[in-house]
Amino acid sequence: MVQVKRICCIGAGYVGGPTCSVIAQMCPDVMVTVVDVNEDRIQAWNSDNLPIFEPGLQEVVESCRGVNLFFSTDINTAIMNADLVFISVNTPTKTFGIGKGRAADLKYIEACARRIADVSSGCKIVVEKSTVPVRAAESIRRIFNANTKSSLNFQVLSNPEFLAEGTAISDLKNPDRVLIGGDETPEGQRAIEALSAIYEHWVPKSKIITTNTWSSELSKLAANAFLAQRISSINSISALCEVTGADVEEVAHAIGTDQRIGSRFLKASVGFGGSCFQKDVLNLVYLCEALNLPEVARYWQQVIEINDYQRRRFSSRIIGCLFNTVTDKKISLLGFAFKKNTGDTRESSSIYISRYLMDEGARLHIYDPKVKKEQIIQDLSQPTLTHGDDPSRVSRLVTVSTDPYAACEDAHAIVICTEWDMFKELDYERIYKAMLKPAFIFDGRRILDDLHEQLQHIGFQVETIGKRVSQRGAFATNNDISKPDQLPPAKKTRL
């Protein structure tokens, strides 16, 4: 069996950095080098202020950095010295051309493959770690075959990550499964065994699943699609609960006790976000359309459309409760990351809710304990979110606060967009006294359920996902949020 003594990971982002840090900690006899073209990011990995926030990550990095874990911009040397190379670069959704808005852009994957082929010699195992469309490994293999020197031999594996941000370190140390896909040739099987041996340092062999390459790639897309589907399913039920008087939390508990269904990912909210769910579902839609499976494509497209609908529906509810206008009203947004325990804002529902409220002229004061001001401004200044005739809109309407109480002072409403635990512990009596009246709380994450009675006693008008709490006034009652013509326009996700 091939023994892996040196690992190179191309890409020091949310996947490559934590994954290789844990590998280095669990495999002290393996030298691990994480490389990236971004010098600032590498400097941050080598500092006390890591470029990403993930519980437990700092301790893992500090335990082996400089011993058998290194972060570098010297990509070529790291590739040349490695027995195994992880490709862990970004695979964003295409923004133009064929497949715009759905297909994955593989330009960074292709660039990595060409660079590996150019500087390598001897035998190398190259592993897809990024989320990629089915048969991407075939594209990598074709590049290698077209550029192979007589002294060079490659084996290409698929090893998708199944990490949840906020719990990535525990997911890596105690995974549900490790999936490795490769060729069914003797050489391919030896490469699978070599990668498997790395994980067997801490993962039981029974949890390591081996498949062919295509099954591995599709399993990643399918897993994220199924999880996104569950969230959209319960969110669709939350809309029904709000107009019937049911409580979506009670409904979710009731159906979640069915062992055939289970309770996980049945938490109603303002919608899913993050780097993977929307991207992977859209990738699956595009794949089905390209393979002439339009009915399957439409099925998965609806998962995205329900997610968009939930964001617009929640935004419309805010506007309706505030007497059908938020123009020049101060609204405090608590939470900007797409979920708690991460600073990642990619596809965060907060971005879209902010856009809908800014479209109505609201003044937003945003607080998040882990997202930097520069990131918030950058996210809200995206060309697709900003009025082309008013580039100054974000600077005029958005204030980023460093204190939640300052963000809420003189506000007409509080909107909770991220389920940070600290938001349960705020002094809401102090907040209420500093707000304009009537004072509204819109709980988009159902984190204040235990405080509803207390908040109403203080004087708040409480609105939450999937449940009626406060008696709505005439404006909110007449603004029927279930009617499509009452909603802001949907974001187009199809050609």
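Backbone N, Cα and C define each Cβ position, glycine as well.
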- [ ] Write down the single range among 376-395, 476-495 that appears in TrEMBL as region 'Disordered'.
- [x] 476-495
TODO: Measuring Cα to Cα, tell me the gap between Asn224 (substrate binding site) and Asn90 (NAD(+) binding site) in whole angstrom.
DONE: 17
Task: Inter-residue Cα distance where the pair is Tyr14 (NAD(+) binding site) and Leu221 (substrate binding site), in Å - done: 18
TODO: Spatially speaking, which of the binding-site residues Glu161, Ala164, Ala268, Gly271 is closest to Gln278 (NAD(+) binding site)? Use C-alpha to C-alpha, please.
DONE: Gly271
Task: Rounded inter-Cα distance in Å - Glu161 (substrate binding site), Asn90 (NAD(+) binding site) - done: 13
TODO: Filter the recorded positions Gly11, Tyr14, Asn90, Thr93, Glu165, Cys276 down to those whose C-alpha lies within 10 angstroms of the C-alpha of Ala268 (substrate binding site); answer none if the list is empty.
DONE: none
Task: Helix, strand and coil residues within the domain 'UDP-glucose/GDP-mannose dehydrogenase C-terminal' (332-450) as assigned by DSSP - done: 42 helix, 19 strand, 58 coil
